[in-house]
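Some features that Swiss-Prot has for this protein:
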TOPO_DOM  1-24  topological domain 'Lumenal'
TRANSMEM  25-43  transmembrane segment
TOPO_DOM  44-195  topological domain 'Cytoplasmic'
MOD_RES   Ser54  phosphoserine
MOD_RES   Ser57  phosphoserine
MOD_RES   Thr74  phosphothreonine
BINDING   Tyr113  heme binding site
REGION    173-195  region 'Disordered'
MOD_RES   Ser181  phosphoserine
Amino acid sequence: MAAEDVVATGADPSELESGGLLHEIFTSPLNLLLLGLCIFLLYKIVRGDQPAASGDSDDDEPPPLPRLKRRDFTPAELRRFDGVQDPRILMAINGKVFDVTKGRKFYGPEGPYGVFAGRDASRGLATFCLDKEALKDEYDDLSDLTAAQQETLSDWESQFTFKYHHVGKLLKEGEEPTVYSDEEEPKDESARKND
């Protein structure tokens with residue numbers, strides 16, 4: 001068949017072989033699409049590692065906030081840290097309060113988990129419910145959760161302990177806050193630093 005093409009076009013066989021690949025690529029719409037996709041992906045891989053130029057983006061992240069000193073919070077005190085009233089975002093999980101400000105895209109006012117900002121998210125995370133109805137305004141003892149829900153909550157707590165700064169605990173009504181010294185570090189964070 002190649003010999004027939006040579007005879008039909010009157011071209012030298014070496015010219016067809018060298019131009020054949022390019023001819024195939026540029027005459028087939030599918031090949032053009034695949035070539036474009038490869039070029040786009042290569043561009044994203046090479047360009048993706050470079051940070052966006054500052055000042056060009058509307059989504060500029062605010063400068064990082066200083067680390068919050070350890071302290072305990074009542075549910076009412078925690079509500080202030082929702083990313084709107086205060087730029088810092090705190091969430092309570094299983095009685096522990098975490099600073100999730102660096103996860104603003106997830107836990108900020110416009111994020112998918114924004115409903116939990118400044119709140120005790122334990123019940124919502126344990127039951128996979130992202131509605132405000134899953135949240136209580138007062139301390140939630142979580143005693144009515146099933147064993148599976150408690151295990152799910154424990155998994156969430158482990159993830160948050162690993163990823164975010166643990167800043168204190170959520171206080172029950174009438175419970176006195178713990179007085180933390182400036183040098184004191186929680187055990188889980190010192191263990192993380194030794195790894």
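Using the three backbone atoms N, Cα and C, a Cβ is placed for every residue, glycine included.
Overlay of Swiss-Prot annotations on the structure.
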| residue | record | Cβ contacts under 8 Å, 6 or more apart |
| --- | --- | --- |
| Thr74 | phosphothreonine | Tyr139, Leu170, Leu171, Glu173 |
| Tyr113 | heme binding site | Phe106, Tyr107, Ala121, Leu130 |
| Ser181 | phosphoserine | none |
Which whole-number mean pLDDT does the model give the topological domain 'Cytoplasmic' (44-195)?
83
Provide the three-state secondary structure of Ser181 (phosphoserine) computed with DSSP.
coil
